[in-house]
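> My questions will all concern the structure given below.
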């Protein structure tokens with residue numbers, strides 16, 4: 001029997017230990033935070049929690065009870081102090097918590113601090129500083145190119161293989177899993193229409209992504225090299241980059257996506273530390289174009305191969321529609337970090353960057369409805385009806401796991417959201 | 001003699017009263033914060049300051065000394081509490097401060113709390129939440145279109161007259177006037193080059209803009225109408241959107257500007273409350289295209305015409321190179337706010353949005369070197385040599401004034417920054 005009654009093989013066993021922020025009481029919906037991620041924000045004291053099976057350990061209270069020197073990092077209403085503490089502290093704290101949940105001598109102290117997931121509310125676990133979204137899947141970029149530029153000689157833009165394309169998104173509308181997503185309104189205009197019309201989006205989509213959370217800041221005017229990735233990035237989460245394709249198509253030339261994306265970005269309530277994912281590290285796909293030195297991970301001295309083998313699953317109303325493999329991403333999170341800072345842009349604790357839509361090579365590995373339905377040309381057959389894009393009432397849930405030590409699986413926290421009509 | 005020895009006609013007289021954050025001691029450079037806006041961050045207690053002539057009133061200390069109920073908003077190290085207090089509080093506080101600096105009975109209390117600008121350090125006056133940059137000058141957009149798409153039928157993209165185009169920028173690199181700007185490095189590739197090269201930008205530019213500062217937040221899922229502009233926006237500042245044109249040209253298709261902009265955005269140390277600019281309000285240019293109702297300010301019930309008559313001046317090393325008139329902007333700040341939230345995106349206290357480069361119709365009214373030199377084809381003749389783009393050591397300073405009551409001028413705080421080479 002594994003420690004503290006977590007079943008053998010549980011993807012949230014003591015080899016995982018992702019971090020979140022919780023308060024007692026809640027809607028009883030497990031990892032959801034209720035119909036409005038903000039409505040419960042004051043319904044109880046917030047503390048850093050660590051997931052163990054289907055329970056949450058009150059890590060703040062545990063640290064206090066056990067007289068841990070990390071109480072100052074854990075008995076807090078946000079992960080930000082822990083994020084800011086740096087890589088050595090991340091490892092030390094993880095080692096301490098592993099001991100708390102595995103050493104029998106701690107059982108009497110820890111057991112009363114484990115709360116069933118169904119009895120807590122999970123909150124946005126950190127204060128998002130800047131939010132950047134990348135575009136790092138070659139399959140996704142080629143699909144999008146073929147859909148929107150069918151006559152182009154190359155489905156990729158000329159820069160795509162030379163740099164990880166990215167743009168800034170709206171950090172103020174990053175919400176935790178469980179937060180309802182109000183269908184956005186805005187302008188849309190098909191090329192043949194005489195003028196734009198205004199109304200609720202008719203092409204509401206998702207993008208299955210992985211989000212990376214920066215802990216250690218960097219100074220303006222300095223670049224973070226590839227080898228600095230693990231010093232600066234604390235962990236990862238699942239991320240759904242909700243997208244209104246009709247708004248986006250009309251607005252995005254020449255300055256990029258704006259209202260088509262800024263209405264909501266959902267992240268999982270659990271941040272998985274990179275320290276839990278050492279067995280999931282894989283080499284990225286072979287690069288077909290030579291890279292400038294600051295992006296060249298083949299010749300980089302660090303031992304980290306850069307890729308992560310994360311198996312993502314996309315479900316609509318509980319029905320799996322796609323299983324995007326993160327290992328296929330052309331650009332790694334380390335390359336994205338190096339690129340993002342090579343111009344001297346600083347990092348702040350709480351910076352979040354999304355990988356871009358994860359799409360594999362196969363039809364059933366695509367990370368957006370845009371690709372799965374080829375921009376609405378095809379339909380998805382679900383038990384509750386056909387879909388091209390999302391309908392009001394649809395719930396989209398991303399889940400994922402990664403290979404862990406000794407044949408285990410490391411579960412990532414789900415990110416889920418239900419679409420509701422605007423007022 | 002005007003109150004408290006401010007000369008008659010001073011653009012920072014008691015009709016103005018912009019807000020900033022200062023600490024005592026400093027580099028003696030007036031409104032600069034030294035060679036590195038962050039190096040002085042802990043050199044003294046920060047407090048809200050109000051500019052009066054060439055002095056700064058310690059508004060926090062004044063509020064405490066006078067037993068003002070606004071001490072909780074002013075005796076703070078940031079403008080955020082005042083910003084969050086809402087429109088009624090903004091007017092009440094302004095009325096109170098006006099009395100402090102004009103009613104002779106307060107003179108004895110106030111005089112010792114007035115510090116010469118040369119003896120203080122000015123800091124970034126608020127915590128920037130999200131930063132959005134617009135593209136609202138028709139002259140600028142047409143110039144850019146003619147430069148980069150000389151063969152296009154229309155120099156404007158098809159969406160330009162239907163919506164205020166905008167994108168999110170990096171809030172973590174918004175810096176206060178006086179902060180040195182390190183020349184960014186990155187990839188560039190001219191269309192004829194076989195591959196991109198890496199190095200310091202060779203086309204470093206400025207964009208003369210006005211920044212609008214959001215005070216009152218809004219809820220996700222709700223739109224802020226045109227008539228809500230004054231309820232949500234506290235004031236404005238000058239903003240220099242530093243731009244590396246070579247980096248930008250290579251990276252920006254299809255997701256917009258990223259590293260070409262994210263290395264630094266400078267704002268003035270003084271935020272001018274909109275309440276000080278009532279006499280500067282003007283009607284925007286006549287719109288040539290019908291607008292959707294949420295943007296249609298001609299039929300909007302509010303009495304605010306939407307435009308502001310701000311006379312901007314751009315100087316390089318003290319030599320004026322352009323005088324962009326803000327009154328020519330096609331899209332108003334109220335329209336930008338309505339557009340930014342029409343998809344349900346929420347506002348947070350501290351959100352900052354830039355107008356986009358301000359360019360008038362005349363050659364000497366252009367707000368970027370890109371336009372002033374027609375992408376380097378022409379040269380600017382300065383007393384210290386020719387320029388196409390910026391050289392290391394160049395200092396760019398934006399200043400501005402607006403019509404005030406009774407023929408006065410309302411001065412805007414300058415935004416200045418010196419370009420230095422990277423390490």
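Placed from the backbone N, Cα and C atoms, the Cβ positions cover glycine too.
What TrEMBL records for this protein is below:
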DOMAIN    A:15-125  domain 'Fumarylacetoacetase N-terminal'
DOMAIN    A:132-419  domain 'Fumarylacetoacetase-like C-terminal'
BINDING   A:133, A:207, A:209, A:241  Ca(2+) binding site
BINDING   A:135, A:149, A:248, A:252, A:357  substrate binding site
ACT_SITE  A:140  active site, proton acceptor
BINDING   A:241, A:261, A:265  Mg(2+) binding site
> Listing the binding-site residues A:135, A:149, A:252, A:265, which lie under 8 Å (Cβ to Cβ) from chain B?
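Listed binding-site residues passing the 8 Å Cβ cut to B: A:135, A:252.
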> According to DSSP, which of helix, strand or coil covers residue A:248 (substrate binding site)?
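Its secondary structure by DSSP: helix.
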> Have a look at the binding-site residues A:149, A:209, A:248, A:252 and say which one has the shortest Cα distance to residue A:261 (Mg(2+) binding site).
A:248
> Using a 10 Å cut-off between Cα atoms, which of these binding-site residues sit near residue A:357 (substrate binding site): A:209, A:241, A:265?
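So the list is A:209, A:241.
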> Excluding A:241, A:261, A:265 themselves, which residues in that chain have a Cβ inside 8 Å of the centre of the Cβ atoms defining the Mg(2+) site?
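So the extra residues in range turn out to be A:133, A:169, A:170, A:207, A:239, A:240, A:242, A:243, A:262, A:264, A:354.
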> By DSSP, how many residues in the domain 'Fumarylacetoacetase N-terminal' (A:15-125) are helix, how many strand, and how many coil?
45 helix, 23 strand, 43 coil
> Between the Cα atoms of residue A:248 (substrate binding site) and residue A:140 (active site, proton acceptor), what distance do you get, rounded to the nearest Å?
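Cα-Cα distance, residue A:248 (substrate binding site) to residue A:140 (active site, proton acceptor): 17 Å.
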> Just to confirm my parser: what is the rounded mean pLDDT across the domain 'Fumarylacetoacetase-like C-terminal' (A:132-419)?
96
> Can you tell me how far the Cα of residue A:207 (Ca(2+) binding site) sits from the Cα of residue A:265 (Mg(2+) binding site), in Å?
10
> Could you measure between residue A:209 (Ca(2+) binding site) and residue A:149 (substrate binding site) for me? Cα positions, answer in whole angstrom.
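Residue A:209 (Ca(2+) binding site) and residue A:149 (substrate binding site) have their Cα atoms 23 Å apart.
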> Give me the CA-CA distance between residue A:252 (substrate binding site) and residue A:241 (Ca(2+) binding site), in Å, as a whole number.
16
> If you draw a 10 Å sphere around the Cβ of residue A:261 (Mg(2+) binding site), how many other Cβ atoms fall inside it, taking every protein chain shown into account?
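That number is 27.
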> Neighbour count first, Cβ atoms within 10 Å, every protein chain included; then name which of A:140, A:149 tops the list of recorded positions.
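Of the recorded positions A:140, A:149, the most buried by Cβ count within 10 Å is A:140.
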> Just give me the nearest neighbour of residue A:149 (substrate binding site) among the recorded positions A:133, A:140, A:265, Cα to Cα.
A:140
> Measuring Cα to Cα, how many Å separate residue A:265 (Mg(2+) binding site) from residue A:241 (Ca(2+) binding site)?
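Their Cα atoms are separated by 5 Å.
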> Please report the Cα separation of residue A:135 (substrate binding site) and residue A:241 (Ca(2+) binding site) in Å, rounded to an integer.
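Distance (Cα to Cα, whole Å): 12 Å.
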> Roughly how many Å separate the Cα of residue A:140 (active site, proton acceptor) from that of residue A:241 (Ca(2+) binding site), to the nearest whole number?
14
